[in-house]
Structures are given as structure tokens and as C-alpha cells.
Amino acid sequence: MKNVMKLSVIALLTAAAVPAMAGKTEPYTQSGTNAREMLQEQAIHWISVDQIKQSLEGKAPINVSFDIDDTVMLFSSPCFYHGQQKFSPGKHDYLKNQDFWNEVNAGCDKYSIPKQIAIDLINMHQARGDQVYFFTGRTAGKVDGVTPILEKTFNIKNMHPVEFMGSRERTTKYNKTPAIISHKVSIHYGDSDDDVLAAKEAGVRGIRLMRAANSTYQPMPTLGGYGEEVLINSSY
């Protein structure tokens, strides 16, 4: 009798534990994915802010540079969308229109949203004593309203003027390479292929940030396409 009772208790306990370890109740109809597979699906060198910090431990302060649009600013897209609608609806000719650059660089970025990952990165670098620079592929406007906005937004301790590389003459293949070299940058952060390739051309460490899926800057680049490090959770 005692043995029967013991078996009954064990059976009840086992049944109670089943829901906690239960599998899917219905077979999936689509391939789908999960959080781990999303990170493991492709051979990408993912890296975190903490890992970057660890890689710099014991090293003297360095110079680091950031692209602006889609890298430190989550949503500068409205400025470009407005510019396209105003100066060349349905076309990209507005990017060659100096009136557009005068307008967007004069202060449109005050409507942009900073990326949290950029705030975390910049805070980490400034805590180390690193110097922060901003390089952009934009063409310079008559007034630089970008520098003071970035200085305030990211609480930059020793702000350097933004380098507008879009219209500068160069002997390099990529437009940010001269700035990376002249400012002795050790790490360059950016979302575009040109950012990654400019870092490679300059011979420095390039780390890619993810571009937000709803950015107007299309097509989307391939993360890890050049074997570069990619900052995890960096689309926002």
C-alpha cells in the first residue's frame, strides 16, 4: 500500500512539472527564428560596449570618431525626407543642392533623436579620457548648427568642430579617411559601408553600428560584410 502511495505522489509531482518544460503545443508552420538564432545565424563578429571597454583597459586615452546620420542620431531621416520633398520630390538630386545643405546643417538636427547606444559609447570613451570627434559625409552649409547640437546632446567635454567631408577634395578613396588619419583616430564608428571601408583604408579599427530599419537611407548595408566588428543592439 505504501509503495502504491509513493508511486502516486511521484506521478503527481512529475505531471505538475511537465508544463514548465513543455514544448510547443502545435507544430510551427513557418521557419521563424529566436533571439539566439538571430545572433548565431550569420558569422558576424558581434561586440558590446563592455567588450570594447575591456579591449581598451590599460591603454592610454585615444581619439575616437563617429559618423552622425544613422550612427549617433537615430532619426535624422526627417531632415532628409523633408529636403527631398522640398528640393527634388522622388529624386536624390537634393543631395547635390547647396540650399538643402545650408538648411539641414543650420539646425535641423535639433529634431533628430540621439541613439541610446551612442550615448553609452560616448560616455564610456569620455570616462576613459578619450577625445571624441564627429565626421560626416554631409556637404558643409553656410552655418554649422550641427556642432553645438551634438555638443549639448552628448555632453561632450572638449568639443571639436564637426568635419564635413562631403565636398572636400581628397586623394583617398573614401571621404572620411583623411579626417581619420589627420586626427590620429584609433577607432571609427559608423553605420555605412563607407565608414567601415574608410577605417580600413586608414588602417584603424572600424566598428559598425546597425542602421535603424525605418531609416530613409536605403538600401540597408550588410552587417559584417567586410569582417568588421558589429555593435550589438545598436539600431536604437
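A Cβ is built for glycine as well, from the same backbone N, Cα and C atoms used for every other residue.
Residues or ranges marked as active site, nucleophile in Swiss-Prot (evidence: similarity to another entry): ASP67. In the three-state DSSP assignment, the secondary structure recorded for ASP67 (active site, nucleophile) is coil.
Taken from Swiss-Prot, the feature active site, proton donor applies to ASP69.
What Swiss-Prot records for ASP67, ASP69, ASP191 is Mg(2+) binding site. Taking Cβ-Cβ distances under 8 Å and a sequence gap of 6 or more within the same chain, the neighbours of ASP191 (Mg(2+) binding site) are ASP67, ASP69, ASP70, THR71, ARG208, LEU209, MET210, ARG211, PRO221.
Classification of THR136 (substrate binding site) by DSSP places it within a strand. Sequence annotations record features per position, and here Swiss-Prot assigns substrate binding site to THR136, GLY137, LYS176 based on similarity to another entry.
Residues or ranges marked as signal peptide in Swiss-Prot: 1-22.
Those residues of the chain, other than THR136, GLY137, LYS176, with a C-beta within 8 angstroms of the mean position of the substrate site C-beta atoms are ASP67, ILE68, PHE135, ARG138, GLU163, PHE164, MET165, GLY166, ASN175, ALA179, GLY190, ASP194, ASP195.
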